[in-house]
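Novice: Have a look at this one before I ask anything.
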Amino acid sequence: MVVFSKVTAVVVGLSTIVSAVPVVQPRKGFTINQVARPVTNKKTVNLPAVYANALTKYGGTVPDSVKAAASSGSAVTTPEQYDSEYLTPVKVGGTTLNLDFDTGSADLWVFSSELSASQSSGHAIYKPSANAQKLNGYTWKIQYGDGSSASGDVYKDTVTVGGVTAQSQAVEAASHISSQFVQDKDNDGLLGLAFSSINTVSPRPQTTFFDTVKSQLDSPLFAVTLKYHAPGTYDFGYIDNSKFQGELTYTDVDSSQGFWMFTADGYGVGNGAPNSNSISGIADTGTTLLLLDDSVVADYYRQVSGAKNSNQYGGYVFPCSTKLPSFTTVIGGYNAVVPGEYINYAPVTDGSSTCYGGIQSNSGLGFSIFGDIFLKSQYVVFDSQGPRLGFAPQA
């Protein structure tokens, strides 16, 4: 089954971006807390499908072994300890929805009242407010690596996150959704935080929530604290010094493709000294895994006892009892360290003694994806001025 909060749309076209209207009020900053998904609603996750969809998100080629494993139906029931999904409450129109914040996409799309009762059952749904405006002739559609899809209409409505409201914000309301999404009861939609240039609304892309409201904020930035085994936070408009150690290290962002792309200066495995082999990659809260070049992945798993690249499971696996080495990314002279336990993602099936790695190949994408496996170890500032990214170890 697909985990739709961890994947995003294929870009369907680019043109002049239509801006929403922020509510005029004093400049401010605020923090919004994630919430844990309901423990009463356990979910099965096909781990190779998570991997396949992450590759498809960026137009990558999914290896045949991963396709085969993803279609085999093998799945693991995902309890809280695997950090599968933490969501953020957002008021869309008059309804509070739990959305996944995704720095790797630029769409705000939601389950809506346009879906049938059977498709929306178990979800909070968006109902256009009395002041909402439907954009006639505007549509959106997303497609994922496992063949799942969603599409619908576009409205302008109010969207509130924390203490900030955007009026006339583009809201992509689902009117059609495939069965994979219907089965995922934990998530009501997605709020994209990439650059507005890759918004997928046709015929004209729309601005993201962040681009709409950033003029209201004390500073045009947001900071992400994803946590290991716990809900995290998003700070909008300010940097919370209590959430990180030492000083922030900043690096430039190449936003030409619409993503928060940066270049790391090298990497290291375990206690070994980092090398100077650069890694270009995207900081993406909407991807679970850390996807790296084949050579980097091979370097890592050479130091993992019993690790192998498994055709059966569609990726690197290892004995669950194995103690994993850390992975270090060098950014502007700062060593961003991911502890080894973060990289042990989950057993391949319920009760299995074989575990699936949180580091996998980027399958020749040409760049890496620094997903949640990496981000959970860092306080990360997404600063639109520059633009630039700031990194520091979490407090």
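Glycine too: its Cβ is placed from the backbone N, Cα and C atoms.
Per Swiss-Prot, the features are:
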type     : residues      : note
ACT_SITE : Asp102        : active site
ACT_SITE : Asp284        : active site
DISULFID : Cys320-Cys355 : disulfide bond
DOMAIN   : 86-392        : domain 'Peptidase A1'
SIGNAL   : 1-29          : signal peptide
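Could you place the listed features in the three-dimensional structure?
Specialist: A simple way to gauge crowding: the CB of Asp102 (active site) has 23 other CB atoms within 10 angstroms, across all the protein chains here.
In sequence order, Asp102, Thr103, Gly104, Phe259, Trp260, Ile369, Phe370, Gly371 make up the list of same-chain residues 6 or more apart from Asp284 (active site) whose Cβ falls under 8 Å from its Cβ. Under the three-state DSSP scheme, Asp284 (active site) falls in the coil class.
Cβ contacts within 10 Å of Cys355 (disulfide bond), excluding its own Cβ and spanning all protein chains shown: 24.
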Novice: Mind giving me a neighbour count for Cys320 (disulfide bond)? Other Cβ atoms within 10 Å of its Cβ, every protein chain shown.
Specialist: 15
